[in-house]
Amino acid sequence: MSQSTATYINVIGAGLAGSEAAYQIAKRGIPVKLYEMRGVKATPQHKTTNFAELVCSNSFRGDSLTNAVGLLKEEMRRLDSIIMRNGEANRVPAGGAMAVDREGYAKSVTAELENHPLIEVIRDEITEIPNDAITVIATGPLTSDALSEKIHAVNGGDGFYFYDAAAPIIDKSTIDMSKVYLKSRYDKGEAAYLNCPMTKEEFMAFHEALTTAEEAPLNAFEKEKYFEGCMPIEVMAKRGIKTMLYGPMKPVGLEYPDDYTGPRDGEFKTPYAVVQLRQDNAAGSLYNIVGFQTHLKWGEQKRVFQMIPGLENAEFVRYGVMHRNSYMDSPNLLTETFQSRSNPNLFFAGQMTGVEGYVESAASGLVAGINAARLFKREEALIFPQTTAIGSLPHYVTHADSKHFQPMNVNFGIIKELEGPRIRDKKERYEAIASRALADLDTCLALL
């Protein structure tokens, strides 16, 4: 198939991946037609028409270079990521993590793209895959039915799917502050989380209520398949009575403060279990329940989650919801630049490619956008080295075993191992991997 001769590039979808791709293309001097159907047609989960809206958590996760997603974020900053830049400008306290005011952040991304002289924003639903120009499809897991059919046809089948869910958000003014305390785990960074401690008796009662609560029904013909990083709390609870104690209710590093006067188990310094609340907006008026993605019916959410100490009278401004995520058979369909193997003028980006997470989705848009621009200019594709986070992620999703392929977060396990003797200390090993990654990335920057 010959390369398109159009004078612009299409980007379909203005989520995290599409917004990043559009920006990366436009900053290279190429006109972009950015299509977004919200404003004309709503999705079940989005609440606004803003670009790059965060529909689940407001956290971009860990910020340390000894954390793989922290390394990926630093690489993206060096590549001038619009998502990272606007995220930094709209940060809210989150200890050692990076969390944002979701509304302020999305509004700032939207304004920057709408005001870019080379980006034409078109609010319309796309139901056919364009063949008039190089095109980046970044319509995400909530792709409209009409376009999904066309994508599935291009991909030669139905692809794959899994379910993920969003956590509830509550009004801070309705929290009983006498029963909670402010602290970050291991006192990392500033104290940024409200912690709701539970005694063993409270936890056992909560676990019983959670595992017997009524869930909202799925379509009868679909099995329940979840991505481990966004598993509903009730599904986790049913795996075992202590499963949550090693997950979102882990008490380690969250000792009672000296001035805590609420219920506790004897003289123990650490609660039996802890539910953490994270600030959700810059004003600090909204908090989400960390790790409590759920598919319970709304009435059940209110009943069960008000058993959490401090939340007995909490007002829920948004209940948890669950949605179906579709993703492609990327190992068979895409190259490391997220380019279609069967149609070189077609790129895909975002969760539909099998990357999982906000940061990972934006990173895939960055890679696809850079390479769509390079194809437009008839330049050689840029494949980031596997020693970097931003190179290892596309390599993994396009080289995994297709039969067992599932969405993947960035992690040190997919980054190329260090040469020489293995560094036994994990922190030192991750620091060495990060140092090598950033040095190798700087070499790539010279090519851009």
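A Cβ is built for glycine as well, from the same backbone N, Cα and C atoms used for every other residue.
Listed features, source Swiss-Prot:
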type: BINDING; residues: G13, A14, G15, L16, A17, G18; note: FAD binding site
Around the Cβ of G18 (FAD binding site), the count of other Cβ atoms that are within 10 Å:
30
Around the FAD site recorded as G13, A14, G15, L16, A17, G18, what other same-chain residues have a C-beta within 8 angstroms of the site's C-beta center?
V11, S19, E20, A21, F51, A52, A138, T139, G140, A349, G350, S361, G365
Count the Cβ atoms, other than its own, that fall within 10 Å of the Cβ of A14 (FAD binding site), considering every protein chain shown.
33
What is the Cβ neighbour count of G15 (FAD binding site) at a 10 Å cut-off, with all protein chains included?
27
When neighbour density is defined as the number of other C-beta atoms within 10 angstroms of a residue's C-beta, which of the binding-site residues G13, L16, A17 has the lowest density?
G13
Conformational class of A17 (FAD binding site) under the three-state DSSP mapping:
helix
